[in-house]
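Novice: Okay, handing you the structure first.
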Amino acid sequence: MADAMVSSFWGPVTSTTEWCEKNYTHSSYIAEFYNTISNIPCILLALMGLINALRQRFEKRFSILHISNMTLAIGSMLFHATLQHVQQQSDETPMVWEMLLYLYVLYSPDWHYRGTMPTFLFFYGAAFAVLHSQVRFGIGFKIHYVILCLLCIPRMYKYYIHTKEASAKRLAHLYLATISLGSLCWLFDRLLCEKIHGWYINPQGHALWHVLMGFNSYFANTFLMFCRAQQLGWSPRVVHLFRAFPYVKIQKPKVQ
């Protein structure tokens with residue numbers, strides 16, 4: 001790991017976390033090159049999802065969800081490019097905001113007091129952002145983030161077992177596969193960093209995590225769009241762009 005006082009365009013490293021990629025090996029403007037550019041697939045996939053959501057006039061929550069994915073990826077790029085504490089917050093705070101948005105998308109259809117959930121989640125996200133700007137949580141942030149992720153699992157499972165369409169279930173399988181493989185890459189990069197630096201080639205586990213989580217978010221969003229379209233009676237089906245990228249196509253009932 002490069003020394004925290006390395007000379008660079010951005011100055012000394014002030015972030016609380018560095019990853020298993022040597023700093024400033026390709027440019028004095030980019031601290032962690034691969035960890036920075038690996039966010040590009042997430043931005044492109046989220047943009048593709050956003051275009052589909054807008055073109056077919058899905059509920060605004062899905063457009064905001066795709067925009068949230070793009071915002072998170074851009075924040076991550078800024079963090080890994082600079083390794084500054086302020087930019088680290090631009091990565092970590094959107095991570096929490098995104099999970100709060102997922103909680104809303106997952107639970108709001110059956111929430112009887114509809115005004116309370118978005119209000120609570122908004123103030124919770126705002127309070128976290130203010131607190132996180134003043135306090136360096138470290139491991140506390142990771143625990144908090146994992147808890148938010150775990151809260152999503154029961155609802156995702158409920159959607160899965162109530163979905164009969166095989167193509168939609170494949171989206172859920174891809175979601176599970178990418179998050180599992182991505183988590184292994186993340187742990188590999190964190191726990192075996194010292195050994196990795198002795199290898200001729202660094203496999204860039206954290207960069208792989210970014211790429212896999214970009215696909216993971218896309219598969220999750222597409223699956224949720226399918227389930228919501230089913231709830232609204234929009235006759236959804238999963239089709240593929242260039243025979244590779246799945247997306248949801250709907251047929252809204254004609255207004256009499």
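Glycine is no exception: its Cβ is also placed from the backbone N, Cα and C atoms.
Note that the coordinates shown come from a computational prediction; the quantities given were computed from them, not determined experimentally.
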Novice: Which residue range, 63-83, 231-251, is the one TrEMBL calls transmembrane segment?
Specialist: 63-83
Novice: Under a Cβ pair cut-off of under 8 Å, which of the recorded stretches 33-51, 63-83, 120-137, 172-192 contacts the transmembrane segment (207-227) most often?
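Specialist: Between the candidates 33-51, 63-83, 120-137, 172-192, the best contact partner of the transmembrane segment (207-227) is 33-51.
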Novice: Can you give me the residues near the recorded Zn(2+) site, meaning same chain, not H80, H206, H210 themselves, Cβ no more than 8 Å from the center of the site's Cβ atoms?
Specialist: W19, E21, E32, Y34, N35, T36, S38, N39, S76, A207, W209
Novice: Cα within 10 Å of W19 (Ca(2+) binding site): which of the binding-site residues H80, H206, H210 qualify?
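Specialist: Checking each Cα against W19 (Ca(2+) binding site), the hits are H80, H206.
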Novice: Let's check the environment of H206 (Zn(2+) binding site): how many other CB atoms sit within 10 Å of its CB?
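Specialist: For H206 (Zn(2+) binding site), the count of other Cβ atoms within 10 Å is 22.
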Novice: Give me the CA-CA distance between H206 (Zn(2+) binding site) and N23 (Ca(2+) binding site), in Å, as a whole number.
Specialist: 14
Novice: Could you round the CA separation between N23 (Ca(2+) binding site) and H210 (Zn(2+) binding site) to a whole angstrom and send it over?
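Specialist: Cα-Cα, rounded: 18 Å.
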